[in-house]
Each structure stands twice: as C-alpha cells, then as structure tokens.
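For reference, the structure discussed in these notes is given below.
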Amino acid sequence: MSSEQYQVPTGSGSQAPGGSRNFDAEPPTAMHYLCGDCATRVRLEKGQPIRCGSCGARVLYKERTKRMVQFEAR
Amino acid sequence: MTVLDDGFEALLEPFYNGKKLTDPISTKEDKYQLLPAFLKVKGLVKQHIDSYNYFINQEIKDIVKANRLIKSDQEESFWLEFTDIRVGKPTRNDYSDVVSRSEVNPMECRLRDMTYAADVVVDIVYIRDRHKIRHNNVLLCRIPVMLKSAKCCLSGASNSEMEVMNECPLDPGGYFIIGGTEKVILIQEQLSKNRVIVEADEKMGVHASVTSSTHERKSKTYVILKKERITLAHNILMEPIPIVIVFKALGGLTDCEIMELVAGGDARYQDDFLINFDEATKAGVYTQQQALEYVGQRVKMGGPRGRQFGSAPRRSHAEEGLDALANIIIAHVTIQGLEFYPKAIYIAMMVRRVLMASHNPKLVDDRDFVGNKRLELAGQLLSLLFEDLFKGFVSNLKMNMENFFKKPNRTSAYDPVGPIKGQGAFITQGLNRAIQSGNWTVKRFNMNRAGVTHVLSRLSYIAALGMMTRISSQFEKTRKVSGPRALQMSQWGMLCTSDTPEGEACGLVKNLALMTHITTDVGDEAVKEWIHGVDSGAEAIENFSGTEMHTAGAYIVHLNGTPFALTHSPKRFAARFRTLRRRGWLSPFASIHINSHFSAIHIATDEGRICRPYIIVQNGRSKLKPEHLRLLQLGKASFDDFLTHGIVEYLDVNEENDTLVALYEHDIVPATTHLEIEPFTILGAVAGLIPFPHHNQSPRNTYQCAMGKQAIGAIAYNQFNRIDTLLYTLVYPQRPMVITKTIQLVHYDKLPAGQNATVVVMSYSGYDIEDALVLNKASLDRGFGRCQVFRKYTAELQSYPNGRRDRMGGVAKDEDGLVIDKHAILDEDGMAMVGERVFSGNTMLKKETPVDKGTTGIGTDRGPDDFSDASLNYKIADAAYIDKVMISTNERDHPVIKVQTRQTRRPELGDKFSSRHGQKGVVGIIVDQEDMPFADSGLVPDIIMNPHGFPSRMTVGKLFECLTGKASIVHGRPEHGFGDAFRSHPVEEMGKVLVEHGFSWEGKDYFTSGITGEPLECYIYNGPIYYQRLKHMVQDKMHSRARGPRAILTRQPTEGRSRDGGLRLGEMERDCLIAYGASQLLLERLMYSSDVTQIDICQKCGLFGYKGYCQTCKSTREVTQMNMPYAAKLLVQELVSMNVGVRLELEDTFPHEK
C-alpha cells in the first residue's frame, strides 16, 4: 500500500499516521453478514475486505435484527 | 450452470390470442400476428441496441482504420499502425484481485456503483530496431456497454439465465450503467445531412441550403436568390459570391454550359439566370484563374486550414480559393483529382431548385416533413464522441512519441504499449463523463449539446419503456413557432400521435410508434454497383451535359442527395430497384422514391431514417397468405424470412409518398401497392395502454400518456433486488380487465400498474366535486391502492491522500450507560439493524470522518487524530422500516454502504388516482362500507365517481372500458376484454353478454342508498375500471410551519418543504392586501413574521449606529432605535460597501406639537 512508505522519524510522534495504524484500542469486533450470491453467513472483522469467503462475491447484506419487531396491522 | 426449462419462457412468447394450431387462419383477422414477430427482431428499444451494435462492430473499426497510422516527424524509420480494434465482454475493473478481470453482470454494477463497461483492445504493429513488432490485444480503453447489446451478457440469455443474474427478463435494455446509475441516450432529432432544403423567408429570400457532413468537418452552404441575383454563401467566405463566378472557378465550363446546367432548355429559367452573368462581368471575372482569385480573396483567413504552425508557405489567393472549393464548400461531394464537374452539377442543382421555387412557391421544402429528418441514436452519438477522442488520443500519442525521440541519448527503443494505456485512459474518461453528464462536446464539429443523456426513470415499467422511445428535438423551446410542434401528416405510423408532454416541450418531444425502425447506415457500394452494372437505362451523370439532364423525361438519380446517374425510364428503374430489394440483393433499408416535380429519383442508404414495415400488395392481391401465418404460428418462420421472401418490406417516410397503402384487406383496389399490418401501430407503447383510445377526445389520450408514467405498480421482476434511490410499488397490482394487444406486446399485463376498481358513476356526499373520488374504506382495508415506498441512503467510506480513512463509529451511550435514543437501532458495526423501525432523527449509519484530511502526514505535518461525526440520519417525519442494508466496495475500492428503508402506505385523503383516460382525481372522502350504496346482488363499489367528469371531457372510451370490463367479468372469460384502437364497436355484443347473465344491457343496475336504505331514484352505471395510483401523495407534500429555520444572509424564513420553509406571501397576495388597505396585516406578514430587526440609527447623520453610539458623529445623543426588515438593512450596508452613501432621514409617526 502506498501509505506504508518510509516515514521520516520525528521526535514527538511515536504514532505514525496512516492506514497501518490501528485506530481502535478495543479488540476487533466481528460481525456476520449474508452473501448476496450464495447466501452463506460471512464473518467479517473490522477493516477486513468486504468479500464472501466461499464464493468471492463482493456484495454482502446485513442480517435481520434479533430484537423483536412489532408491526402495526393497518 | 444447468438451466431448467420451467415453462416460464413460453409465457413470454408472442401470443396468438389463444388460437390452437388447428384453427383456421384468415389473413384478414390474423395479419396482426406479424407485429409480435416484428417486435422480436426490431422496434421499440431494438433500434438503440442495433445502433450500438453497429457502432461496436463496424463504426469503431472504420474510425480506427481512418486514423490507423502514426509516423514520427523526427525518426523517419519509425511508424506505428493500429491493425484492428475489438470490444470485449464487460468485466470488473477492480485492482488487487485474482478474479478481478472476470465477467460482470449489470446487477452487480448497479449495486456496487460501478460502470458496466468492457475493455477495448487494439492490435498494433510498430518498428523497433528495424524490425516489425506485432503486438496484439493491447488494452486501449474501456467503453460503457449498452444492456442487451451484442456484448452484454444479457443478450440472448434465457429467462432462467436472467434470473440467475438477478435481471428482469422484461427489462427493455438499451441503456448504460455509469457509476451505478442507469443512463439513457435519448434519440435526437435533426434535419437531414447532405440534403438540399429549399426555403423562402423574408430575410434571405428564396434559398437552398445544404449541411455537408463528412468525417472531417460539418459546414453549411447556401445558394441565395436576392434581388434576382443568385449568390453562394458559406461560413468560410466573407461575403456571398455571385454564382457564375463560382461556376467559373470550378472550371471547364463555358457560359453556355453553365446556362444549360442550370436552366436546361427552359426559357423561363434561362431568362431568370441570365442576369447573373453580368455580375461576373461587372467583377471583371472571365477566366477560371480570375474566378479563383476572386474567391480566394474572400476566403476567411485563420480558418481551419490556416493554423498549421505557420510553417506552410503562404498560399496565393488562387490556391486558397481552389482549396476552399475543393474541400470546404459542399464538402460531401468529393473531388477526385481536379475533376470539379460533379460539384458543378450539385451547385447547379441547387441553383435550379432556387429558380424553380421562385417561379412556383409551392416547390419549397417543408423542414417539418419527417422525411427531411434524421434520428440520431446512441451508436451514432457515441461514434462521434469516440472519433473525436480517438483523434485526440492519436495526437497525444504522437506528442509522447516525439518527446521521446527528441532526447539526444536514448537508453532504450521506443515501446508504445505503455503510452497507449496511459493515453487511452482519456478515452475512457471522456466517454464516461459524456454519458454521465449528458454534455456532448465534439470540437471538430463545434458541437456542444447538453442534456443528451437522462437517468432512466424507474417510476414504473411504462415510464422506463417510454423513455427508451422518446425523441428529443434540437429546436429551442422558447421559440414561439407552431410548425415544429404541430402534428405532421408524415408522422403517421412513425411517431406516436398521442404521446407528447404538455407545456413547453409539447410537440418537440415525441415518441416512436410501435412498429417504427430507425435505419443504420447500409453502405452505398452495392447500390452504386447496381445502378452502373445491372440497369442499362441509367448512366453516370458525369457523362451528360446540362441540356441532356434537363430534357423532358430525363430523371436524375440522386444517391443520398447527390446527383449520381441519369435515366429516361424512372418507373422501370424504381420497379427494378424494388424487385432487387425484395429479393434480398440489396439491403431492405435502402429506399427509393420518385419526385416528379424535380424529375428526380432519390435513393437513400444513410442512417437515421425512420421506416416501418408494410405487407406488399401486387396485382390487387396481398402477398401474405394464410400458409405464411401458419409457418409463423408454428415458429418455423421469422419476420426476417418474410422480408427476404418479398412478403413484407420496410418503407421510409419518403418512399411512403410513392405508395397507396390499404388499411384493411377489403380496401385493396388495383392501384394498391401495400397493406397495413395493423392500424393500432400508429400509436406508441405508452398510448397503447389506453383501451378504446379512438373513442376518446384526443387530449385525454395525451394526458393519460403523461400519467401512465407516474402510475405506481411493479417496475420489474427484480424490483426488490435492485436498490433504487426511490421505488414505489403497488402491493397488489392487477392486470387490467380490458387490455389491448399493445399491452400484451409490451408485457404491461405482467408488470401492471393499477387495480380494477368497481366504479359506480353517481354523486355522493358533496365531497366528490371537481373530480374528487369517494373511496370505500373496506376496500382500503383489503388492500386497494396500498403501496410501498422504498428509499435508498448511501454512504461511501473514503480514504484521503494522507492515508486516513472514514470509519464506522460505535454506538454512543449516556451517563447511565444506556444507548442514546438517536442510536437506538444501530448495531455494533455502526449500521442500522434490518427490520427495525426508524423514526425521524434516528441515525442509520454512524459514519465518522477524520478531522485531518489536508495534511501530508509526513514528518511534523500532521493534524489531530480525531474523528468528526458524519452520520446519516433519517429525516422524514413518518417512520419507516429498515428493509435492507448492503455493504460492498466500489470501483475505487472504497466500502459503500446502502440502506434501504420501507414505508407502507394506504390511500388517504388527497392522494391522487387516475383511470386510463386522462381522468385524474384526488380522494375526497373515505366512506365506511356500510354507508356506500349497494346493488341488489350485494355489490358495493370501491370508488364512486362523479358523473360531471364525463360531459366536458368526452372520454367515451372510459364508458366502453366499464361496459366491456363488466361483460367480461360476468362472463368469467377474458376474451371480451380487448379494447384495441380502431377495432369494431363493442357495445352491442357486450350488451348481449350482460343480458345473458341477467344484467341490464346498458350496464346500469339498481342500487340502494347505504345511508337511508331507500332505493336510488335511477339505475346507476357501474362496472370495473382500471385505476392507477399516481405517485403524488399527500404524505410527501404535507407541510406547515410556525417558526423555523431562516436563511443566513437575509434572515428571512427558508424556502421549500425540505428545508422546513415558510409559506410565501407573494407579490400578488401583497397587492390584494394593499388594495384592501390592510396595512397592519401587511406590516406583520412582510416584516414582523419575517426578518424584523432592531437597529440603531443616528438621527443626525442618518447612518447606522451601534449599541446606542454613532461612530460617525462620535456621540450617543441623537441615536435612536427602530425596527426594519433585515433585508433592507442589508441593502443599505451593501450599498455603503460599494461606496454609495445611504442616509436615512427619520421623522416621528405622531409628531409632537412644537
């Protein structure tokens, strides 16, 4: 990646800006998505490329909520 | 991938009206079956696709062939040649990917905001180290692919294959996908190129003009008759040149020959033309040399020729003149060697036409005649653009090459492959940008058109289809001339007579009729060969003198407008030509017609002509026989077979003038040459939805054409897979009870937009005045008119040059550790959860963007690491549900997130409905079912319509629809339900069916009042009428405001519903209040409720003070306060800032007595 080039060391900045840095202190959270092509559950961690592990499709959908949803019967 | 035949395919086959194979066939009844066969190969959107295919397969190769060689000026031995160009299949353009260059389908492009494009590769040959190097398949650029074109993966796909690709089998195709949006290149209407048009007007007198269009340039030449003298004018010439001087400059003609060429033996024309010789004498022009000098002196310097680095030596006037005449004036008549005779014949022809028009004013041309027009399609427009871009690419490549060869010490041999890829990117960008923005800029032709492309309207299936057949005209909308807007006789059968918008674009935007086809260029070589070789009666025009050309009985054969040959037997010539075409020796789209006024035969092979098929009639008998239709029914013959066997043929608008077309078989007389395939094809696809349109007042059909595009219904089979910005769908769409054949042909019955409502025509409750409808509440409960509204919200996570990126943030919590209300529906990944209800103000996507975007990130040049909130909130007052959340990456490899929300809406007061007869109305009242009138059978209407809608509108078709629909439901069979245009009157038969089932033949029934329980005093007309729900809904328009946001500059309330704006009290309302004298109300409306502000004013100097102190007078003594509109205060200050002093003089409203 172009941002991972040599960076001039500075006195104060211990942390280098750019994509290589981990923004989150907390451990990466994983979410599950559904593949648009093969409908398998895809586990994605934050920052991971968006892609189905089994078929390589790049369109993923979010799973339906686990919470209760009540519809107004109108 | 195995594809199963699920029997679905058969449903999409052209219908044969329930006919069994053993049923007898009559050509009279069944000839319309040619229409579905025609639509299989041509028509509707196929012209877009044909035109694009022609560009991809043919024109692109011609363009490259014309610009194939690049030679270096410095390195003599080096050259580069493009030997071939090919367009591949559409592919993905992702980088960093193994499977990246795999084929892509349109749905993925729509979802991922990509461009549906294919690689264009070239084969090149060039010199390196004195060796010829051949390099095949060098990537040149990427070109957007038209859906369903030859290169598209949808072409020839079966329905099950379409389903696998998530594509709708009924989708018309013919559009492009650029950056995820569907773009249509509208058909452009233009005056035909390379044809002479003679006109007469006050300013210029009688004049003939011709727009010459070649690959190099486009220019217009005029021959003008003014004050009895004829001159030739052109942009490159500073002043019009006497015509005889032009003829002399062309050389080789004596005065006598000039006269013969123009006037022939006709003394009237000779007398008129004679005076022009004096003009040449007066100018002292006797020889060709003098004439050329005369012309050369008047050629504008700095024209397209004079700009070549100044390196070319200055040419003499004679050379200048010769060049102008050879290459610029009437450029489409090419000059071989210095043989100017063809050009002289052409100019003489123009002069003769002018003379004829001056004698007989009827002989001027009509520029509104459809035969004088050409339609430009996507392929042609793209080829114009591509040619321009490719020429630019070649010159850039050459520049790159010269820069390389300029270096004194070269380290390696020149390799053009890299630069080709680099420069080719400009072609890709140019094409994409043009289609995206609709700005067509071709520098060579000084062409700068805006609004060529439009986003494909997906409001309904019909809206999308209607867009594909739309023709936009080049005329300015502001001009108040009726000519171009009026319905022209020659539009019959070619352009829809009903489908045009109302208002400013009325008559300028047109639509194709159902059977129209637009020609592509078929090449004139075959025709030329045939004229010379086969028919002995026609000889090349160059072999004749003027006298011979203009003798009685001699007909000049014009090929695409240019005199080409001479014949003395025009009828036989035309007949033989047609025979050849019917036998398939010539292209079916080559047309011929005889113009006896000008003793001319015109043959056309050019592109953009409008044509349509007819059945050939010979010796008073139709060529179409029952056995042909039987073959068609068995699927053993296609439309093209009929074409090659001389049963049907295409006629363009000009050739139609030479024919006698019988509308029905019984109309055939011995002189008849053709038979109409089906009369209802004079209407287009959108007007074809109207049942019984021939019983309606014509503007009502036009209104329906506009409203049919706004009707909510199903837009495509894949409507829930595609994520549209705004999608309206009807929950229970129904096929109309009364349909037309057009409906079946365009598959409107499979993607309908409306419901069959039981309508009674009566007055009810007074809430039905002014076209308002009364709706049955129970019908609404059962789902009548219920629709869903889907909306898309998109976010792209960008990355910035310093390496920072947008990110999805987490949920915010309050001090108790509970998730804040705003983020109630957010998941851990910062996106809304699917299925949740979203209220106004809720966050759907918690996007965060880095504060520091501008720094380089190198060394100390680094901003803060913070992120600011850039979340996407739901802003609409009415809640919705999250229907779908999609995550993917786009072409730039940035994550894209699309959220789709869903609302379900039942009709409410003020929602708009319309029948198919231009009868729109809003819901006036929703009545409980128990209060509705009911028939003795228990029938309760869905809609009550006020009978006052009928007398003034004269929509008899609606009454027929009601009656026909009623007959077909009581009978329980669909075959009565046809309301085709120009078919027989259905009333008697329908009445019979109704009586058979115990109903009144009139369609009127006994009804009981639901309120009083008394019988209604008269029988009520009732039956099913197809009602469309239109997209205009109260919920999207309702707006009120007490206090709210104000504009920053003026501090006045903002404008518009979307900004929670105020309601304007405009000038006319103000005038009313002034006239009435309500001055205090005015003051309140215009100042106190708007932008009142309190300011300090110094009474001494009249300038603004501040905090009770006047800066000018340096005192507080005479500073006072007053209220005034902030806009007025702003005006004063702006004037002051421009150095215009403004001083306010104050006086007391109620002066003190001194």
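Every residue gets a Cβ built from N, Cα and C, even glycine.
TrEMBL has this to say about the protein:
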DOMAIN    B:43-411  domain 'RNA polymerase beta subunit protrusion'
DOMAIN    B:193-376  domain 'RNA polymerase Rpb2'
DOMAIN    B:455-518  domain 'RNA polymerase Rpb2'
DOMAIN    B:557-618  domain 'RNA polymerase Rpb2'
DOMAIN    B:639-671  domain 'RNA polymerase Rpb2'
DOMAIN    B:686-1059  domain 'DNA-directed RNA polymerase subunit 2 hybrid-binding'
DOMAIN    B:1061-1146  domain 'RNA polymerase Rpb2'
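Between the domain 'RNA polymerase Rpb2' (B:639-671) and the domain 'RNA polymerase Rpb2' (B:557-618) there are at least 3 Cβ pairs closer than 8 Å, counting only pairs 6 or more residues apart in sequence, which means the two stretches are in contact. Contact count against the domain 'RNA polymerase Rpb2' (B:193-376) (Cβ pairs under 8 Å) is highest for B:557-618, out of B:455-518, B:557-618, B:686-1059, B:1061-1146. The stretch with the most CB contacts under 8 Å to the domain 'RNA polymerase Rpb2' (B:455-518), chosen from B:557-618, B:686-1059, B:1061-1146, is B:686-1059. Break the domain 'RNA polymerase Rpb2' (B:639-671) down by DSSP state and the numbers are 13 helix, 7 strand, 13 coil.
For the domain 'RNA polymerase Rpb2' (B:557-618), the model's average pLDDT works out to 90.
According to DSSP, the secondary structure content of the domain 'RNA polymerase Rpb2' (B:1061-1146) in residues is 32 helix, 20 strand, 34 coil. Remark: secondary structure over the domain 'RNA polymerase Rpb2' (B:557-618) totals 13 helix, 28 strand, 21 coil, with classes taken from DSSP.
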